[in-house]
Structures are given as structure tokens and as C-alpha cells.
């Protein structure tokens, strides 16, 4: 079973990806992890990717797809995998389809932009320990300081509202079109078509896990 998880940054994909991976005993495949592994192992594709990255350029879809195919050939993928952050664009989705890489489920976790901004911009971190708080949902005992050490908490640059809005803009331009792409793919795919589902990513983590399990049990 091969699964693609879609959703904007901050929609909760990371938490649910870990849940799906452990529940179905399938690896979570990240293009970033694949790139790092290929570079560290010195594979031909890894060396090619390193050359491109060292030149400050983006790694091509051709290289990424080559890495995906290499990864899928490994024994831990024999029962399937969960794609994390791939595909990001229609071109990458087309490349998957053209290479006859079968996808079984696409799950879109839907959360409104303003809810995502509230979630992400409210995060505060204790840099030394990594302890994470949220000004609304998990506030420290004393505003602005770590519960254990009393050190000041910080807001990571990635969590600043302006940065979050920019990331959401990129998502809506580049990745959100995949939702309609896979919805159409499901309609036109015949008896072996993939299953496409949209779930609301609001509510408790456990309630969202339950929604995901229902997709696979129906």
C-alpha cells in the first residue's frame, strides 16, 4: 500500500504520518532523507544531486524520481510506503504516473489558513532543551519563560506569521493543485483507481487518527 499525504505546512501531516507509518509498518519516505542518504552513500544519483546543490541550484525532478525508484526497490518498501513531502508539484505527480508507480491512497488533511497561522505563530521554544510551548494551547506556567529553567522562550523564524503566510502562498500555488489532480485521477482511473479522501485536520490528534483509520477500513 502506497500512500501520499497532502496538506499545508502546519496541518499536522508529521504527526499523522508517524501514526500511519507505525500502524501499517511501512516506511515514511522523505525526499530530504533520500537526498541525504544518497549523498552520504556516494551513489551516482547522490553525487549528481550534490553537484547540483553545491552549485546552489534546485535538484531536478528527474533526479528526485530516480531516488524515489531506488528507495522503492529496497526490502522495507515491499508492503508499501508513505510519501512525505512528495510529490510537491503536478510535474512530479505526472512523472510518478508516467513511470507506472502505483499509488493506492491519497489523503488530504484540510485546515484553514487562519487556523494554521494561529497554530504555528503561537509556538514558542526553549532552545537549549527543545521543549515546545504554545501561547494558546500549551502555555508555560509563566508567560515567555521555560517551566524548568526559567530561560526566555523564543519564536523560531519559521513560525513567524510573515514566514508562515509565505509558506502557505507557496503551498497554494505549487502543491494545492495536486488535490484536484488526484481527485480527477480517482474519477478517471477505472477499477484500480487510487482512493482519494479529504479529512478535516481540526480537533484532537486522536480524533484525526480515527478519521484516517476509517478511510482504510471502509
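Indices start at 1 and increase along the chain as displayed.
Yeah, the Cβs are placed from backbone N, Cα and C, and that goes for glycine too.
Note that the coordinates shown come from a computational prediction; the quantities given were computed from them, not determined experimentally.
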2, 123: which one does Swiss-Prot list with 10, 11, 12, 13, 14, 15, 132, 133, 203 for the ATP site?
-> 123
Region 'LID' range according to Swiss-Prot, out of 122-159, 160-197 | 122-159
Cβ atoms near residue 86 (AMP binding site) (within 10 Å, other residues, all chains) | 20
Report the same-chain neighbours of residue 133 (ATP binding site): residues 6+ apart in sequence with Cβ closer than 8 Å to its Cβ, ordered by sequence.
-> 123, 124, 125, 126, 139, 140, 153
Let me know the most crowded of the binding-site residues, choosing from 57, 88, 123, 156 and counting other Cβ atoms within 10 Å.
-> 123
Across the record's AMP-binding residues 31, 36, 57, 58, 59, 85, 86, 87, 88, 92, 156, 167, the largest CA-CA distance in angstrom?
-> 30
